[in-house]
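**Q** Pasting a structure below so you can have a look.
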Amino acid sequence: MSASNITLTHPTAFLLVGIPGLEHLHIWISIPFCLAYTLALLGNCTLLLIIQADAALHEPMYLFLAMLAAIDLVLSSSALPKMLAIFWFRDREINFFACLAQMFFLHSFSIMESAVLLAMAFDRYVAICKPLHYTKVLTGSLITKIGMAAVARAVTLMTPLPFLLRCFHYCRGPVIAHCYCEHMAVVRLACGDTSFNNIYGIAVAMFIVVLDLLLVILSYIFILQAVLLLASQEARYKAFGTCVSHIGAILAFYTTVVISSVMHRVARHAAPHVHILLANFYLLFPPMVNPIIYGVKTKQIRESILGVFPRKDM
């Protein structure tokens, strides 16, 4: 063995298994995965193009939606191309530093998505509870600051992880029992004391999910109070109708996060592929359904999409 290999504390590459125990079904599993990824790409790119092209959609709600679409594109594209390469071509190898980069992007953009969903809840709160101050509160400057804060929080919380993982000696082999480089899946291969990584990873996840979800719920408590005080049922229906798309996006994101986290800790003796499939569902489902939710439930988006197709006079 050469001297350069002896000094390495980490392998030059990892091997991603895919879905443990279901390797013989990879080609079939790839079909819904590929379909979901294609829908995510088409849907989110369409949202971005329409919001950019239509000046009437350059409002706070749609600017936050554009942020969400961009995040969903990066989030799904960070894992799905490599995942499909595993399923189709058995291309399981991933460079050590590419693995760390993938892990950083996946976890960072998940945190950014949570922040943007919280910002969208704040947008709905101001629109319904303080409608006369909406344009004064949600200025372009504030929206930019919110976007920068979402990025800064995610990068600050996730930057330590790649550096911590570089310090470990990986004596348990290079095989990761996963479809992508998830933090805890990589930590399991490391020797030595990994307790700080374990605690830090869980603490960050709990902090983000609990804090953001509580603030979202609090926003909707105030929104519900304001809606119930409206004079007519039609006004109440119209006001709350503007929140339906956001509630759908919230449920799509947090439900999958919570189910995946609970199953990972409660059903520890479940087959490995159950946890991996749930983790993939969390990665695929929100980016796929968010454009559909907003396209169907938001009149301005729906009209902009239909306006792309020329109508023939009868």
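Including glycine, each Cβ sits where the backbone N, Cα and C put it.
In case it helps, Swiss-Prot gives these features for our protein:
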| type | residues | note |
| --- | --- | --- |
| CARBOHYD | ASN5 | N-linked glycosylation site |
| TRANSMEM | 28-48 | transmembrane segment |
| TOPO_DOM | 49-56 | topological domain 'Cytoplasmic' |
| TRANSMEM | 57-77 | transmembrane segment |
| DISULFID | CYS99-CYS191 | disulfide bond |
| TRANSMEM | 102-122 | transmembrane segment |
| TOPO_DOM | 123-141 | topological domain 'Cytoplasmic' |
| TRANSMEM | 142-162 | transmembrane segment |
| TRANSMEM | 199-219 | transmembrane segment |
| TOPO_DOM | 220-239 | topological domain 'Cytoplasmic' |
| TRANSMEM | 240-260 | transmembrane segment |
| TRANSMEM | 276-296 | transmembrane segment |
| TOPO_DOM | 297-314 | topological domain 'Cytoplasmic' |
**Q** When each of 28-48, 102-122, 142-162, 240-260, 276-296 is checked against the transmembrane segment (199-219) for Cβ pairs under 8 Å, which one has the most?
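**A** That would be 102-122.
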**Q** Is it the case that the transmembrane segment (240-260) and the transmembrane segment (102-122) have 3 or more CB pairs under 8 Å, with pairs at least 6 apart in sequence?
**A** yes
**Q** Just give the helix, strand and coil counts over the topological domain 'Cytoplasmic' (220-239), going by DSSP.
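**A** Once the DSSP states are binned, the topological domain 'Cytoplasmic' (220-239) shows 16 helix, 0 strand, 4 coil.
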**Q** Per the 3+ Cβ pairs under 8 Å rule, pairs at least 6 apart in sequence, do the transmembrane segment (102-122) and the transmembrane segment (28-48) touch?
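**A** No, the transmembrane segment (102-122) and the transmembrane segment (28-48) are not in contact.
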**Q** Report, as numbers and ranges, which residues of the same chain sit near the topological domain 'Cytoplasmic' (49-56): CB under 8 Å and 6 or more residues beyond its ends.
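**A** Same-chain contacts beyond the flanks: 62-63, 65-66, 69, 300-301, 304-305, 308.
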**Q** Using a Cβ-Cβ cut-off of under 8 Å, list the residues of the same chain that are 6+ residues beyond the ends of the topological domain 'Cytoplasmic' (123-141) and lie near it.
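**A** For the topological domain 'Cytoplasmic' (123-141), the list is 60-61, 64, 219-220, 222-223, 226-227, 239, 242-243, 246.
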**Q** Out of CYS99, CYS191, which of the disulfide-bonded residues is least crowded by other Cβ atoms within 10 Å?
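**A** With the disulfide-bonded residues CYS99, CYS191, fewest surrounding Cβ atoms within 10 Å: CYS191.
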**Q** For the topological domain 'Cytoplasmic' (123-141), what does DSSP give as the number of helix, strand and coil residues?
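**A** Per-class counts: 16 helix, 0 strand, 3 coil.
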**Q** State the non-local partners of the topological domain 'Cytoplasmic' (220-239) in its own chain: residues 6+ outside its ends, Cβ under 8 Å from one of its Cβ atoms.
**A** 121, 124-125, 128-129, 247
**Q** Through the lens of DSSP with three states only, how would you label CYS191 (disulfide bond)?
**A** coil
